[in-house]
Amino acid sequence: MAEADTPAAYLAHAVRSYWLIAALWIRAAMAYPVSFWTMTVGGVLITFLDFVAIWLMFSHIDTYGGFTLREVALLYGVTSIAFRVADMLVGSVEKIGQKVRSGDLDAMMTKPVPVLVQLCADRFELRRLGQIAQGIAVFAWAAPIVDWNPQRLLVLVMTLVSGVLIYFCVFITFSTIQFWTTDASEFANAFTYGGNTIMQYPMTIFPREVVRSLTYLLPLAFVNWYPCLFLLGLTDPYGAPDWFRFASPLAALALVGLTALVWRQGLRRYRSTGS
Amino acid sequence: MSGALHSQLSLYAAIATSSFRRYSTYTAATLAGIFTNSVFGIILSFAYLALWEQNPTAGGYEADQAVTFVWIGQALLMTVALWSGGSTDELAERIRTGDIAVDLYRPVSVLGWYLAADLGRGLYHFTTRGVAPAIVGALLFGLVSPSPAGAAGFLVSVVLAVVVSFAVRFLFAASAFWLLDATGPRVLLSVLTTFFSGLTLPLTLFPDGLRQVALALPFASYIQTPADIWLGRHTGLDMLAAIGLQVVWAVVLLGVCALVLRAATRKVVVQGG
């Protein structure tokens, strides 16, 4: 990248390019307002009913894994906001295989913008704002159970930023597999959508091994579980160290490093279909 | 006359077979899908086990039945094309591009053609993405097995589930004749199917009133009805009644499909093709 001499300039160039491309897709979507609004409303309804299901579960029980409905809603809200923001930011990354098959990836390689930025901005979907709003609504409903103070607010902000980064990395890492098998895009869903689904529940309903895996292998427990324990003033039933509650940024940084390696490896592995 | 019928049937069989073959070429996609269905099955199994631990008779199920319900749901969601896909997606696309005009001039019923193709797809998804996750579920959690009558009823119910789901998807796809783009209706349809099929939560756990409505809707045919037959909640005459309701929905909805298609054909001619 000739025009980016320093890392800061490179980053600024990447962000600017991202928004230029994203704005293009927003304008394109707005050309079909009826489609845009039905899909936005539909997306909100699907995620809304997703939470209604949890609410209906509570009509048969009082506590779930030792947690009340509002406490579960807090977990749900935090993971949903982080996941949906990440989902909006990754654009066409989930469809790398399709881009390889169609040859679009070759075209992206010739442009003076990093391929990852182009892929993430490609087909940017503004309608995902609806699902983000649903997550915020559930969080807002649950928020009064937390005894808020500046420290807890700071942890919340830190957690949300880390959560977006963690899901963002999960999307990219597992989509990179499509450089090897172009039509296995659904494999990533188990970790992305599956990850968001599993984090909607209190970890107490899962066996210890599952919670360990979600801490050390795929650190999704840092998206909401450990920080929410802090917000609620609870100690970890599985006896994890107390500092885990503040370790979300560390988990996010570790995952960013790993994702960068995997992505580079995948891109290096890439051979155009045209050959 | 019987010769004509025979050739019609073999034609539909050929359509279904080629549709089955077409889907079977994407092995990596199938394996990835089986993996994902299994992961979701595991997550939901733990979620349900925790619920039934607190309330061992919720919705009239016992814990092992609830877990079996999860895996039946994961097994059937691709078979019935819960989130669309299948031949009706092609129909919507062909309406948008205008290629549907070619289909209308073929000496085969459009409805029959697309239904046969969708049944072929359904059979492929049932034997792969249906059976494989169910085996994973059985190995990890131990599933409730059906009585011989329950197993037979289940298979009949699954075929009817595909037909009902096809007819519903066909109607939503046919909205493209008037709206030109069926994406919006398709999203709204997946809202209905996700919630009212029993995939997110068994319909028997719904509150009074909503439960009765949900059980009477065609979406109950997708997962709830086959699952309840498998689990032995519908036996004897009750099972026949459950299957009967599916038949009623299949016939009514296919009838509406035929009417809509006739109205749409007239519209295509008016447009000048």
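Residue positions begin at 1 at the first shown residue.
Quick reminder: no glycine exception, Cβ is built from N, Cα and C everywhere.
Bear in mind that the values here come from a model prediction, so they are computed numbers and not experimental data.
Quick look at what TrEMBL annotates:
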type     : residues  : note
TRANSMEM : B:26-51   : transmembrane segment
TRANSMEM : B:63-84   : transmembrane segment
TRANSMEM : B:131-149 : transmembrane segment
TRANSMEM : B:155-180 : transmembrane segment
TRANSMEM : B:187-206 : transmembrane segment
TRANSMEM : B:239-261 : transmembrane segment
Which range wins on Cβ pairs under 8 Å with the transmembrane segment (B:155-180): B:26-51, B:63-84, B:131-149, B:187-206, B:239-261?
B:239-261
Range from B:26-51, B:63-84, B:187-206, B:239-261 with most C-beta pairs under 8 A to the transmembrane segment (B:131-149):
B:63-84
For the transmembrane segment (B:187-206), distant same-chain residues with Cβ under 8 A (at least six beyond the ends):
58-61, 66, 69, 73, 77, 80, 82-84, 165, 168-169, 172, 214-215, 217, 219-220, 222-224, 227
Are there at least 3 C-beta pairs under 8 angstroms linking the transmembrane segment (B:239-261) and the transmembrane segment (B:63-84), leaving out pairs fewer than 6 apart in sequence?
no
Contact set, same chain, for the transmembrane segment (B:26-51): CB under 8 Å, 6 or more residues outside the stretch:
58, 63, 66-67, 69-71, 73-75, 77-78, 128-129, 132-133, 136-137, 140-141
